[in-house]
Structures are given as C-alpha cells and as structure tokens.
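Only one structure is covered here, and it is reproduced in the block below.
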Amino acid sequence: MSVIAQAGAKGRQLHKFGGSSLADVKCYLRVAGIMAEYSQPDDMMVVSAAGSTTNQLINWLKLSQTDRLSAHQVQQTLRRYQCDLISGLLPAEEADSLISAFVSDLERLAALLDSGINDAVYAEVVGHGEVWSARLMSAVLNQQGLPAAWLDAREFLRAERAAQPQVDEGLSYPLLQQLLVQHPGKRLVVTGFISRNNAGETVLLGRNGSDYSATQIGALAGVSRVTIWSDVAGVYSADPRKVKDACLLPLLRLDEASELARLAAPVLHARTLQPVSGSEIDLQLRCSYTPDQGSTRIERVLASGTGARIVTSHDDVCLIEFQVPASQDFKLAHKEIDQILKRAQVRPLAVGVHNDRQLLQFCYTSEVADSALKILDEAGLPGELRLRQGLALVAMVGAGVTRNPLHCHRFWQQLKGQPVEFTWQSDDGISLVAVLRTGPTESLIQGLHQSVFRAEKRIGLVLFGKGNIGSRWLELFAREQSTLSARTGFEFVLAGVVDSRRSLLSYDGLDASRALAFFNDEAVEQDEESLFLWMRAHPYDDLVVLDVTASQQLADQYLDFASHGFHVISANKLAGASDSNKYRQIHDAFEKTGRHWLYNATVGAGLPINHTVRDLIDSGDTILSISGIFSGTLSWLFLQFDGSVPFTELVDQAWQQGLTEPDPRDDLSGKDVMRKLVILAREAGYNIEPDQVRVESLVPAHCEGGSIDHFFENGDELNEQMVQRLEAAREMGLVLRYVARFDANGKARVGVEAVREDHPLASLLPCDNVFAIESRWYRDNPLVIRGPGAGRDVTAGAIQSDINRLAQLL
C-alpha cells in the first residue's frame with residue numbers, strides 16, 4: 001500500500017488558489033470570503049505567489065547579473081507591490097510586522113544574488129513569492145475571524161532537483177503528519193511550488209508546480225477533495241476565448257482529464273493529476289471570481305465513454321524529426337527512442353510514424369521541445385535529428401472518441417483542405433490528434449466544435465413496461481417523435497420494449513406505432529444479464545431507461561443503470577420511496593456519473609408538483625407542510641361512492657378503465673399514496689423514512705394475499721365498512737376523501753378523512769389530484785395545484801415531459 005493510500009483525515013479538504021486569484025487587495029478579500037463559505041476548520045490551502053510576483057523575481061534575478069540599475073528598479077516595484085498588499089489588508093500594527101519580515105526576506109535574497117547564481121540560489125529567490133502569499137493569507141484569515149496558521153512546504157516536502165522533480169512520499173508523509181497535529185482546528189495555509197532536497201536547498205516543482213504540490217499535499221494529508229480555484233470555472237468543451245458556445249463540463253473522467261493535460265491544455269497539467277491517480281481524492285476546478293457559476297469535478301467514474309467531450313488546440317508546436325538510417329531497424333529505433341523519452345518524462349503530444357521514409361516525428365510544445373531535443377541528442381543514437389518550428393495542433397478528447405465513427409468522420413471532414421502533416425490517435429483511444437504545418441487554428445476549432453457538439457445526437461430509449469401507461473406512451477411517442485427531434489436537435493430512437501419475460505430490441509430503432517404488434521410476434525425471452533449486456537453495448541450518445549412498471553426488481557437496478565451511464569425516467573415510485581440509505585445511494589450514483597434520474601410521473605401524473613416543490617426550495621423558500629389528495633384513483637372512487645353501488649364494484653370499474661395500479665390493492669392499501677408523500681417530502685428537503693408514515697389501508701387483512709379475483713370476490717367486509725363511514729360523514733354534513741398530510745415536524749399520515757363540502761379537498765372532479773403547499777412564502781394562503789392525477793394519458797404525458805426536460809439537460 002502506498003503512503004498516499006494510508007493517509008487519512010476524513011472530511012478535510014484542500015483549496016488551492018493561483019496567482020491571478022491573489023492579484024490585489026480585492027482578490028485576497030474575495031479568497032478569504034470563499035474560505036469562510038466553502039471551508040471548515042482543519043481544511044488546508046495551497047497558494048501561489050500573488051499576481052506577477054514570480055515573473056518579477058525572475059526578472060530581478062536575471063538583471064542582477066547584467067544591469068544592476070534595472071534590477072534595483074524591479075526590486076523596488078516588487079517591494080511597493082507587496083507592501084501595498086499588506087497595508088491594504090491588515091491593521092497598521094500587524095501590517096508593520098509583516099512588512100518588516102518581508103523587507104528582511106528581500107535583503108537576504110539580495111545578498112544571495114550578490115554572491116552569484118546557481119540552481120539553489122535561483123530556486124530560493126524565485127520560490128519566495130509563495131512564502132509571502134502564505135504568510136499574508138494566514139494573517140488575513142485570522143483578521144477575518146477564521147483561525148489560521150501558515151506552513152512553509154519546505155518543512156515537509158522532499159524532492160531532488162530534476163527536469164520534473166518528484167516528491168518523495170515516503171520522506172514527506174511523516175514530516176507532514178507531525179506538523180498537522182500541531183495546528184488543530186485551524187485552516188493551514190501552505191506554500192505551493194517549493195520543496196527541499198536532502199542537502200537542505202530549495203527545489204522548485206516546475207511548471208504548474210503549485211497545482212502539482214496542491215494535489216500532492218492533499219494526497220499526503222488524506223484529504224477527500226482538492227479544489228483548484230483559478231480565473232476559469234473549469235474545463236470547457238473548447239477554449240471559450242476561441243469558441244463562443246463552448247460549454248462548461250460539470251464532470252470529467254480522470255482518464256479524459258489526464259489526456260487533456262498530456263496535450264498541454266492550460267487549465268490542467270499532467271503532473272497535477274499524478275497524485276489524484278494514486279489516491280482517493282476528488283479533484284474540482286472552480287472560478288474564484290464567480291464561485292457559484294459552475295465547476296468541473298474530476299472523478300473515477302464507471303460510465304462508459306461514447307465520444308469526444310473536448311476539442312483543443314495549440315498554435316505553436318514543434319516537431320523533432322529523427323531520420324533513421326536505412327541500415328538501422330526502424331521499429332527497434334522507434335522503441336528505443338520511446339523508452340528514452342519515457343524515462344526522461346517528456347512524452348510527446350503526438351507521434352508521426354512514417355515507415356516508408358524511415359522517419360519519426362515527435363510533437364512538443366515550444367516550451368518542452370528544446371529539452372526533448374537535448375535528451376535525444378545526448379542519447380547518441382545513429383541517425384539525423386532536426387527541429388521544425390511554427391506548426392499547430394488540433395485534437396478531440398473523450399473516452400471512446402476513436403471508436404465513435406460519427407465523430408471520427410466529422411474530424412476528417414473538418415481537416416479537408418488543411419495543411420495536415422500527420423494524424424495520430426492515443427493507444428487508449430481517448431484522443432484523436434492532427435498536426436498542421438501552419439496555424440492559426442481558431443476557425444478550424446470553431447468548425448470542429450460546431451460539427452461535433454452542435455450536430456444531432458442520437459438518444460436511445462428502452463421502454464420497460466407495455467401495460468396501460470407503456471402502450472399509451474408508445475402512441476404518444478409515435479405522434480411526437482419527429483416534432484421532438486426537430487425541437488431538441490436530437491434524434492430519439494426507440495431501441496427496445498421490455499416486459500417481465502420478453503424483450504424486443506433493435507439498435508436500428510423500432511416503429512413506435514407498431515412496436516406492440518411486433519412484440520407479440522417477435523419478442524424473445526431474455527435473461528437479465530444478456531439484456532444488460534445489450535444495453536451496455538449501445539451505439540447511441542446517451543441511453544435512457546423508461547420505467548413505467550411497478551417492479552421492485554427493476555427499481556433495484558437503478559444503481560447499475562447509473563454506474564453504466566444510463567439515464568432513467570421513472571413512473572415507478574419504488575426507488576423514490578425506498579429507505580433513505582438506498583435513496584441517497586441512487587441519487588449519489590446518478591450525480592457521480594453525470595447522468596439524470598427524472599421522476600415527475602411518480603407524483604401527480606402530469607401535474608408539475610415535483611417541479612414546483614423543487615423550484616421553491618431552489619429559490620430559497622422553506623416548505624412547512626404538504627397535504628392533499630395524491631391518488632387520482634382514490635379521488636375517483638370517493639367522488640363516485642354515494643352508497644348506491646358497492647365500493648368494490650367501483651374499484652373493479654376503475655381497474656377495468658386503467659385508473660388503478662396493475663393490482664388495485666396497491667391503491668387501496670395506501671402504499672401508493674404513502675410513496676408519493678415520501679417522494680414529495682424528500683423533494684421538499686426532508687429526510688423521511690417510509691415507515692414514519694401512518695397509513696390507513698382499505699384492504700381487509702384476509703384479502704391482502706391471494707389473487708385480484710380473490711379480493712373482488714371477498715369484498716363484503718370493505719363494502720359494509722365504507723357504507724357505515726359514508727353515513728356517519730353525511731350525518732355531520734361532511735364528505736369522505738382519502739387524504740395525505742406531511743409537516744415540517746415529521747408528522748406524516750395517509751388515510752380517510754371527513755371534510756366539509758366547501759373544503760378545497762372536497763370540490764374536485766373525478767380523478768383530480770390536489771396538492772396544497774404551505775411554505776414561508778405561502779403560509780397564510782397555501783399554493784394549490786389541482787388537476788387530473790390518474791389515467792394513462794396524463795401519466796404518459798408526464799413521461800414525455802421528462803424526456804423533453806432531459807433533452808434540455810443534455
């Protein structure tokens with residue numbers, strides 16, 4: 001087990017802030033506000049040097065050896081900048097103390113420069129901006145009432161000098177643990193970018209070293225999440241400065257992020273992700289200027305990739321070309337060079353392999369090309385090395401992109417007429433790259449983004465359940481399919497119809513208007529495992545499970561559906577009303593994989609009750625109570641029941657008309673109403689268990705088991721009981737209704753109540769549902785939603801509504 005895997009500090013998080021997030025007084029105060037809102041005591045911060053401090057230090061260092069007057073001017077600019085920051089953020093007495101410490105540092109660094117520059121002096125001077133940032137940020141947090149301490153990472157991070165220094169986890173871990181226990185309950189502000197070698201010298205951690213040190217420190221400290229705050233909200237589908245309709249990606253697979261970083265995207269660096277790969281850390285990218293405007297979370301998700309997620313480009317790349325002599329084995333030479341580059345940790349962005357010309361081409365950014373060329377030159381391999389500059393690169397990144405024929409085709413289409421030097425795809429199929437002889441690439445990236453991401457997506461739909469609701473939805477979908485596609489820009493394909501025993505499946509799509517007729521003749525018996533394998537191998541951009549069953553077995557598969565990247569639209573209430581632990585697991589699984597679980601059809605059929613409750617909560621309201629008639633079936637029964645027809649005969653009529661659940665006892669038992677109440681209460685933000693609801697069942701105990709026919713044949717007891725209750729209510733001038741109630745104190749019940757004839761719950765049309773929402777905003781005059789709450793048409797319409805909503809989310 002690695003040191004990282006052993007580290008453990010449950011709940012602790014780490015926040016990293018870059019130089020642009022600490023550029024001035026306002027920025028520091030904004031960061032302090034973020035820490036107040038988004039962090040807890042014992043959380044950690046890693047900070048970069050403020051603003052352009054690092055560049056100023058490099059300038060000062062270089063000029064100190066050639067132009068002492070200019071060096072002094074840079075030093076004074078740096079001094080004014082840091083002193084202005086300190087004075088603008090702290091009270092005079094505390095500011096004086098920090099300014100004194102800063103001036104002392106500056107004088108010591110100046111003395112170092114006078115004695116000459118070597119690697120150790122360079123690192124000591126250039127890495128000092130982080131020390132000043134951490135010291136000042138700690139003081140600002142304390143001033144804001146957030147107990148904090150600062151920590152110089154050189155006290156525990158151990159790394160030896162190299163082109164890409166690697167932190168020695170074995171040496172660093174115990175040193176950090178000793179320091180962590182010394183500051184209980186405080187936010188620890190740690191310097192980024194710097195470490196120390198065994199000789200006691202400062203070692204810089206290289207390009208993007210602060211981000212790398214943040215994830216490395218987070219892994220050593222055992223944090224649950226590292227959030228990198230910068231001036232962008234996360235990873236976009238393209239550079240938003242080049243592509244105006246680029247969209248923020250809320251979730252990115254770790255392998256996709258790693259490939260994007262390998263391709264030198266500015267928002268990510270490959271070394272930043274190394275500690276994430278070897279630990280259980282979740283990595284989040286967020287904007288410090290607009291923290292509530294979305295983010296990108298990088299996780300180890302199970303959802304299968306189906307194509308490109310990002311297009312990226314570079315307008316300044318180089319090619320190192322190696323001409324293998326005709327007398328040498330070309331494949332052997334390629335293998336040897338590949339091993340040399342891997343050992344030196346300078347992997348190329350792309351490789352051009354030209355067997356016919358005995359030519360190898362290695363693509364690098366201009367910053368890395370000279371180092372790679374030097375490494376290959378020093379290797380002394382037989383052959384000719386040369387460097388070509390001024391080339392460009394475009395790439396598509398996404399798990400499965402090279403296996404997506406549509407995306408590949410559009411990539412090649414966009415490259416037509418372009419000066420392509422060579423194309424390349426990564427071994428794991430996550431990227432497709434083209435190196436161009438000339439740039440710029442902006443118009444090419446715009447066209448590629450438009451072609452890949454705004455073109456029509458194919459959405460596969462698999463319908464589980466072909467009874468009343470399923471058959472009616474098929475009719476509705478057949479009518480609306482073309483309109484839906486035109487409105488959303490997606491192609492919706494009915495890929496399958498499944499019942500409890502058989503399935504009719506086709507990747508090419510089924511005709512919804514004739515699917516049921518074909519089902520009877522062509523459906524085959526299929527076990528659960530083979531059906532699941534068929535679904536996992538789907539060719540669509542997204543697959544949606546439509547669950548219009550009342551099956552517990554299917555509800556139990558929602559976790560698997562989420563983990564394999566399927567969306568679920570449900571009229572089945574069993575998952576939404578399961579115990580809290582299972583319910584949270586399902587919700588978390590869909591959130592983690594970036595898939596959606598929509599269930600508007602579970603309550604109120606087509607009425608927008610779930611949406612309304614969710615909108616009130618999201619807008620800042622608090623739900624105090626919810627009451628009403630939640631069952632269109634029971635609404636119809638109690639409005640029809642006047643004593644002239646036996647109650648069970650009315651139940652039979654409702655069953656024949658498709659107004660009830662497949663087993664009408666599910667309605668009469670109150671379980672269906674209870675599930676709706678639990679779903680609504682949870683939507684309102686309350687943690688309620690199904691067994692907390694007091695339920696009055698109308699099903700006699702001796703009829704709970706057995707067949708439906710047995711229930712209808714033995715309904716005398718229920719009929720007699722209902723007549724007695726009806727007569728008792730009439731004597732008081734009241735009417736009977738089956739009512740559900742829940743309040744903020746956790747009291748919940750469903751059952752028969754006698755209410756006044758002028759009560760909102762009394763004056764209904766048959767099959768109507770009524771929902772009365774009392775909230776902080778609607779305390780004196782409850783918000784009432786009323787309308788048809790049972791029947792095939794309205795429930796099928798609710799399923800269709802959620803398909804529309806899913807299209808918007810996608």
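Note: Cβ is positioned from N, Cα and C throughout, glycine not excepted.
Model, not experiment: these values are computed from the prediction.
Packing around Lys676 (active site, proton donor) is summarised by its Cβ count: 25 other Cβ atoms lie within 10 angstroms of its Cβ, all protein chains included. Under the heading active site, proton donor, Swiss-Prot lists Lys676.
Under the DSSP three-state reduction, Lys573 (NADPH binding site) is assigned to coil, being neither helix nor strand. Taken from Swiss-Prot, the feature NADPH binding site applies to Ile469, Thr549, Lys573, Gly791.
DSSP assigns Glu661 (L-homoserine binding site) to coil, not to a helix or a strand. Swiss-Prot lists Glu661, Asp672 with the feature L-homoserine binding site, giving similarity to another entry as the kind of evidence.
Swiss-Prot lists 2-252 with the feature region 'Aspartokinase'.
Residues or ranges marked as region 'Interface' by Swiss-Prot: 253-463.
Swiss-Prot lists 464-810 with the feature region 'Homoserine dehydrogenase'.
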Between Lys573 (NADPH binding site) and Lys676 (active site, proton donor), what C-alpha distance do you get in Å?
7
For the binding-site residues listed here (Glu661, Asp672), tell me which residue's CB has the most neighbouring CB atoms inside 10 Å.
Asp672
List the same-chain residues at least 6 positions away in sequence whose Cβ sits under 8 Å from the Cβ of Thr549 (NADPH binding site), in sequence order, or say none.
Phe464, Gly465, Gly467, Ser500, Asn572
For Thr549 (NADPH binding site), the three-state class that DSSP assigns:
coil
Cβ distance under 8 Å to Ile469 (NADPH binding site), same chain, sequence separation 6 or more: which residues?
Val548, Ala571, Arg792, Thr795, Ala796, Ile799
For Lys573 (NADPH binding site), list the number of other Cβ atoms lying within 10 Å of its Cβ atom.
24
Euclidean distance between Cα atoms of Glu661 (L-homoserine binding site) and Lys676 (active site, proton donor), Å:
13
